[in-house]
Amino acid sequence: MDTIIMSYDTIFCMMYVDAMLLCSGQMCGTAVFGFGVFLMLNTKVSALIPTLSSLNLANTLFITGIIITCVSFLGFLGALKENRCLLITFFILLFILMLVELTVACLLLVYERDIDRFLKKDLTESLVKSRESVKGDNSTMNTDDWDIIQITFQCCGISNTSDWKDKVPKSCCRKSQCGTEQPVYWKAGCYNKLKVWFEENFLVTGVGVIVLCIIEVLGMCFSMTLFCHISRSGLGYKL
């Protein structure tokens, strides 16, 4: 009898902790999803890398938010209903997600130089398209992706102002108004500025990925332990 009571107490405690973690995961997923929707509605940065235009920041956050929310809800429902089928499905999905994250991280490290060349080539192509458009003719009527980057990072072109040739946009100016005969432009190129920004935030990104992996491992441990306890106690739905 004491063993049964301890088993029930253990399961209840694990269900409570697991539910709290998964509830937090759902809230995080919803926040990421909402931020992705906000970026989709209020930003235009999507054509800087034409080859991956469909995988811009807004779309990535949108999809990531949906995945986090759905997986967390699946685990939360499995713990709440003591359903072994949902728990093992949650475990498998978390395991697959962690493998994907580790694979992407390894590929980024192994092919760092190739990715660097690819990004520079794509940025050059997008700048040429922007330069050849109506926007390139020193106009600020339509703000495009390059304007946002150049204003944010206080840079001009990929290497310098010469990348724009005779169509340097006003976003390259040091001041908001460039009505003078000899406007002063930012000297630094955006490519190096972006590289420095990514390198400065590399540690934060790495810590974020490690924390995410730890949370996923904890979720996998809790779900599998709860699955085993429910199986031994003869509770819940059987596979």
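Cβ atoms are placed via backbone N, Cα and C, with glycine included.
Of the listed residues C85, C106, C155, C228, C155 is the one TrEMBL pairs with C190, by disulfide bond. In TrEMBL, the feature transmembrane segment is placed on 61-80, out of the ranges 61-80, 161-180. Just so you know, of the disulfide-bonded residues C155, C156, C173, C190, the Cβ with the fewest other Cβ atoms around it within 10 Å is the one at C173. A separation of roughly 13 Å, to the nearest angstrom, links the Cα atoms of C173 (disulfide bond) and C190 (disulfide bond).
Across the fold, the C-alpha of C156 (disulfide bond) and the C-alpha of C190 (disulfide bond) stand 6 Å from each other.
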